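Novice: Have a look at the structure that comes next, please.
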Number of protein chains: 4
Amino acid sequence: MIKVSVVGAKGRMGSHVVDAVNGAADTQLALALDAGDDLTAITPDNTDVVVEFTVPSVSLDNVLALVKQGVDVVVGTTGWTDEKLAQVKAALAEAPRENQAVFIAPNFAISAVLADHFAKVAAPYFESAEVIELHHPTKVDAPSGTAIHTAQAIGEARRAAGLGDMPDATETDGGSRGQVVDGVHVHAVRLRGLNAHEEVLFGNAGEQLTIRADSFDRISFMPGVLLAVRKVASGSFPGLTVGLDHFLDL
Amino acid sequence: MIKVSVVGAKGRMGSHVVDAVNGAADTQLALALDAGDDLTAITPDNTDVVVEFTVPSVSLDNVLALVKQGVDVVVGTTGWTDEKLAQVKAALAEAPRENQAVFIAPNFAISAVLADHFAKVAAPYFESAEVIELHHPTKVDAPSGTAIHTAQAIGEARRAAGLGDMPDATETDGGSRGQVVDGVHVHAVRLRGLNAHEEVLFGNAGEQLTIRADSFDRISFMPGVLLAVRKVASGSFPGLTVGLDHFLDL
Amino acid sequence: MIKVSVVGAKGRMGSHVVDAVNGAADTQLALALDAGDDLTAITPDNTDVVVEFTVPSVSLDNVLALVKQGVDVVVGTTGWTDEKLAQVKAALAEAPRENQAVFIAPNFAISAVLADHFAKVAAPYFESAEVIELHHPTKVDAPSGTAIHTAQAIGEARRAAGLGDMPDATETDGGSRGQVVDGVHVHAVRLRGLNAHEEVLFGNAGEQLTIRADSFDRISFMPGVLLAVRKVASGSFPGLTVGLDHFLDL
Amino acid sequence: MIKVSVVGAKGRMGSHVVDAVNGAADTQLALALDAGDDLTAITPDNTDVVVEFTVPSVSLDNVLALVKQGVDVVVGTTGWTDEKLAQVKAALAEAPRENQAVFIAPNFAISAVLADHFAKVAAPYFESAEVIELHHPTKVDAPSGTAIHTAQAIGEARRAAGLGDMPDATETDGGSRGQVVDGVHVHAVRLRGLNAHEEVLFGNAGEQLTIRADSFDRISFMPGVLLAVRKVASGSFPGLTVGLDHFLDL
């Protein structure tokens, strides 16, 4: 039984994590803390893994403190820079327990992580590739970070394979061809009723390959969170790991 | 049996029309003419309906001549302006036969014409609507004329229904949100392997309606051409008619 | 301002109706009743329209009582038979107010109602048509009532248009071709993460038309409920009306 | 420059292979033979790789003869049994040249091969998975061999990951749930206008992953054929290889 504490337990994501930890057969809830609660209550005695879902402004401090307290941490908060990651690595180097682990994921949706990976694998074999992301209309940035990441992965894979530019005879366009990220056209749709969706289209003469990931609800992140908790608790991933793809058998 | 002559019979579309006329049970091929052939060979004696698929630079002259010769014409050539249409109307007013007809269609694909119509009908009932068109990468213009027409139809239907702007909180965008046509975001994808495709997305809280028309091959225009030939030959559509939707039971 | 009372206000649908009535600019909540509450509290003085979302075993009695009390009723409960509908009609014939109205809808999702209508309109123009419905895996019946209804509408439209059987050379099949409803193959997918979805596919040589309705959440029924409330309150639909399509401009 | 001879050069596939070999920068056409032509004209002097696209009744004899003549063979003809493959292996063991190679592929469409592989990789991470294949209505078998293969790969991957049965509460069904292959529901759609398409759907609470491969035209097999020609000509795959996935970087 893996003892899991949740930091940010009353937040939109954290409350789902509490439910997921209570619902899984191999995890049990230790402490559920939120803003204002004392982090030092979390110790290696009561907790194997902490799941931290707060806000970028406090997440780094939380993680550094938890590392010092000798527990492993799974982080879902966004906003990590290279500089922040370096501070986490430094803290881990001086951590009290051996093989202590911190895991940070930009995206816990397994479908999205798989789609991103499949796009990278498929990219060398197609003349054309474009990315369409679709989100709820209250999203303030376009395109999504995930779509940019996917486009960059496609661009990189094409270069590595020695592919040139994609065929495109467009002469007149008022903006419909989207944003070009690393040579890949990216389109962003905003539609009431949607949540977070990405579609990657590949084409050769006479054939098309489509990979689509739909996240209808943030509950979709829970299998990824539980997977990360198990992998971190297994002791096989000491130090800092970034990205759920490291925990999938790809 | 409807006697059909084809002008532009050796062209990419015209050759399919010849096959379609030969293949249908209720039509038979009269004359198959191409560039350089004498149009005056076509008369009411040998031809009920002419199908004209040539190029914009000669189509108007062809149609005017054929109207004078007393035959009905179904036109698939593009590039029609209000001025050109007015000339056709004037010619029809002095046509030798009573109830002579000219039919011009920007699009003979029944799926595309239905999708366009359905988009117009659905538009008043949704908060959000966007259009994605997808074509082969040798197309020189973006977005497609069909997508622009669909977006305008949606915009018009929304105004008529008193709907305001669509919800969209986008603050930062490098072009991924596409081209805005009459308040509707239009996205154009270019992918090797595709031909001509349009997808219209509508959204309300908790629901989505998607209408998609795929034309994989120009043979997809033939049912529309044959439908037009039959409707024109029926004598029920004297004068000038523009748009295949007039021949569908909508 | 339309005064709306809700019967079944604590149910899964009713609680959404309460929120929707409170949220709309032209409706206000009168009474919110649930099992055990006294229906006679609802009168023409405090209520213009009642929305009834309960269970089939009590819905008929509720509606009959409310009609006698002189209020209009919008019913979302399922399980209506011809016999039950006849009782509602009889009650309306003796209703205390002139032009009293009852509206019953098997489906309040506008996208589903539109998809069904579009399928019927498109059916005469295509050689092939099949229906795929996709639902959450806790649904006990397959295929869905909506899919059966759509298939029947397609079958009827094909017959009316004089179309024969669809092309299908299948000789060996272990069940993959699905259930045939009125000549139309219907396929049912059950997938964790989905809610209620229907896709109708039409095909001719070289072209495809796809109509898809997605209901991600029962909140998707609220625009349809509010539309029904407004139409009923307008006084333009006296008597019994069944089906949201009567309130759409189709 | 790879010298390529084509056996079955006038067939539907073979004629595309001739065009593809002529069109690629690194291949040139040696001999183009068809039924009745003398296979012994093909020698290591004039040919590096033979592409064989004929019919099952003659393919084995062709391949055995070509192996004896000392040339590498890429085979697109279907109908290979374990017994036939054993005969090819035996012939290769006594082949005149060292490292001689025969490559046989059930499917040369790169998108289909990738989709199959991705389905296998994704399968362990989802509660639900179903397969929909869609084909032209002149296909005599349902479901397609590719869909059966994909379903088996999913079933095998689920067992290896220790997953149990998929959630499915269906109690009443008249056949709409499709054919169950290794625990995976498989649905077959037949639609005029389609060619060969496969869609694999995976679902978890709140999320869906969709992988779709579309083959619109048999020209879609040519990139796979050219890839196989290059890999075989490279000398890195001596002996018998079955399946295009061996030549992709997966």
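Including glycine, each Cβ sits where the backbone N, Cα and C put it.
Where the annotation comes from TrEMBL, it is an automatic prediction and has not been curated.
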Novice: C:Asp34, C:Asp37, C:Asp38: which one does TrEMBL list with C:Gly8, C:Ala9, C:Lys10, C:Gly11, C:Arg12, C:Met13, C:Gly76, C:Thr77, C:Thr78, C:Ala105, C:Pro106, C:Asn107, C:Phe108 for the NAD(+) site?
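Specialist: Among C:Asp34, C:Asp37, C:Asp38, only C:Asp34 appears alongside C:Gly8, C:Ala9, C:Lys10, C:Gly11, C:Arg12, C:Met13, C:Gly76, C:Thr77, C:Thr78, C:Ala105, C:Pro106, C:Asn107, C:Phe108 as NAD(+)-binding in TrEMBL.
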Novice: Round to the nearest Å and give the CA-to-CA distance linking C:Lys139 (active site, proton donor) with C:Thr77 (NAD(+) binding site).
Specialist: 17
Novice: For C:Lys10 (NAD(+) binding site), what residues in its own chain, 6 or more apart in sequence, show a Cβ-Cβ distance under 8 Å?
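Specialist: Spatial neighbours, sequence-distant, of C:Lys10 (NAD(+) binding site): C:Asp34, C:Ala35.
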Novice: Which binding-site residues (C:Gly8, C:Arg12, C:Ala105, C:His136) come close to chain D, taking a Cβ gap under 8 Å as close?
Specialist: none
Novice: Within 10 angstroms of the C-beta of C:Thr77 (NAD(+) binding site), what count of other C-beta atoms is obtained when all protein chains are considered?
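Specialist: Around C:Thr77 (NAD(+) binding site), other Cβ atoms within 10 Å: 22.
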Novice: Give the residue counts of the domain 'Dihydrodipicolinate reductase C-terminal' (C:114-247) per reduced DSSP state, in the order helix, strand, coil.
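Specialist: With helix first, then strand, then coil, the domain 'Dihydrodipicolinate reductase C-terminal' (C:114-247) has 48 helix, 44 strand, 42 coil.
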Novice: With a 10 Å radius around each C-beta, find which of these binding-site residues (C:Gly8, C:Gly145) has the fewest other C-beta atoms nearby.
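Specialist: Each of the binding-site residues C:Gly8, C:Gly145 was scored by Cβ atoms within 10 Å; lowest is C:Gly145.
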Novice: If I take every residue in the domain 'Dihydrodipicolinate reductase N-terminal' (C:2-108) and average their pLDDT values, what number comes out?
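Specialist: Across the residues of the domain 'Dihydrodipicolinate reductase N-terminal' (C:2-108) the model's pLDDT averages 96 on the 0 to 100 scale.
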Novice: Hey, for the (S)-2,3,4,5-tetrahydrodipicolinate site built from C:His136, C:Gly145, C:Thr146, who else sits with CB inside 8 A of the CB center?
Specialist: C:Glu133, C:His135, C:Lys139, C:Asp141, C:Pro143, C:Ser144, C:Ala147, C:Ala196, C:Glu198
Novice: Over all pairs in C:Gly8, C:Ala9, C:Lys10, C:Gly11, C:Arg12, C:Met13, C:Asp34, C:Gly76, C:Thr77, C:Thr78, C:Ala105, C:Pro106, C:Asn107, C:Phe108, the listed NAD(+) binding residues, work out the largest Cα-Cα distance in Å.
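Specialist: Spelled out: the longest distance between any two Cα atoms in C:Gly8, C:Ala9, C:Lys10, C:Gly11, C:Arg12, C:Met13, C:Asp34, C:Gly76, C:Thr77, C:Thr78, C:Ala105, C:Pro106, C:Asn107, C:Phe108 is 22 Å.
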